[in-house]
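Novice: The structure is given below, and queries will be raised subsequently.
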Amino acid sequence: MKLFEHKPFDARAVMGFGILNGISIGLLNLSLGFNSVGFYQMTKLAIIPCTVLLETFFFRKKFSRNIQLSLAILLLGVGVATVTDLQLNLLGSILSLLAVVTTCIAQIMTNTIQKKFKVSSTQLLYQSCPYQAITLFIIGPFLDGLLTNQNVFAFKYTPQVLFFIVLSCLISVSVNFSTFLVIGKTSPVTYQVLGHLKTCLVLAFGYVLVHDPFSWRNILGILIAVFGMVLYSCYCTVENRQQKASDISAELSQVKESESDPLISVDNGSGILSDGVVPKAPVWNLNKDLHA
């Protein structure tokens, strides 16, 4: 439909990213299926500190004390609001650990690939979705049969079921698009903060619209989480302004150094002698050539 420019780039990077992204989605669903809801929420909370550790160790990215404090407040609030029961089991714990690691790596790759190859979120999504879909189509039914002893192709698909499957696919495409867009424009950590805001909104809308049970613990947790999100946004804004100001000052200092460099000044025709006399341009001298 020519809504964006098709831009092919490194096929190996796209293939690896698409496969890893598909695996992370499958592992998150498996984690939810083999764990309690409370333990699954703890898994989601672990994604932020894991992302911070990976970016610190492998990309040498520095997070200030203020950012770390705001993230800690955010995680505390979401934990208080959402984590209820923690039922541990070996298989569920292994799946959750793998889900956290693969999700963190996939989100970091979403940011780095867009910046490295200078592609938009739509271009990256367009290139990687076929590999992601093939990965899930091959691994999904096999794991379903292995872990649940049920065959997905043996299910009787009624028109109503097919309608909701198609609707779910359309919603998931929009979620993928927004995910790539947010991570590409900001960072994986900021995307996780936005995801926890979504969790708080789900709890609030559930109480308002469908009258889900709500306790003082949920309210307190949401307030703490929102406070942490506000702090994170403020600190990120301040640090981005400081970074831009330092970049501008560095560029200005480079320009001044280049203007004060005598070699560059002579090349530009603006060389000045020490006594303040401007040197004259070389003049053609016929007699000098004849004497030579």
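One is the number of the first residue shown, and numbering goes on along the chain from there.
Any Cβ shown, glycine's included, is placed from N, Cα and C.
Those TrEMBL annotations? Automatic predictions, nothing curated.
Reproduced below are the annotations present in TrEMBL:
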- 12-32: transmembrane segment (TRANSMEM)
- 18-233: domain 'Sugar phosphate transporter' (DOMAIN)
- 38-59: transmembrane segment (TRANSMEM)
- 66-84: transmembrane segment (TRANSMEM)
- 90-112: transmembrane segment (TRANSMEM)
- 124-143: transmembrane segment (TRANSMEM)
- 163-184: transmembrane segment (TRANSMEM)
- 191-210: transmembrane segment (TRANSMEM)
- 216-238: transmembrane segment (TRANSMEM)
Novice: In the same chain, which residue numbers or ranges, 6 or more beyond the ends of the transmembrane segment (12-32), come under 8 angstroms Cβ to Cβ?
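Specialist: That would be 40, 43, 92, 95-96, 98-99, 102-103, 105-106, 109-110, 113, 117, 124, 127-136, 139-140, 143, 147.
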Novice: Using Cβ atoms only, state whether the transmembrane segment (38-59) and the transmembrane segment (216-238) have three or more pairs under 8 Å that are 6 or more apart in sequence.
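Specialist: Answer no: the transmembrane segment (38-59) and the transmembrane segment (216-238) share fewer than 3 Cβ pairs below 8 Å.
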Novice: Do at least three C-beta pairs under 8 angstroms join the transmembrane segment (66-84) to the transmembrane segment (191-210), pairs 6 or more apart in sequence?
Specialist: yes
Novice: So if I exclude everything within five residues of the ends of the transmembrane segment (124-143), which remaining residues of that chain have a CB under 8 angstroms from its CBs? That is, six or more out.
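Specialist: For the transmembrane segment (124-143), the far contacts come to 4, 6, 8-9, 14-15, 17-19, 21-23, 25-26, 30, 110, 113-114, 151-153, 176-177, 180, 184.
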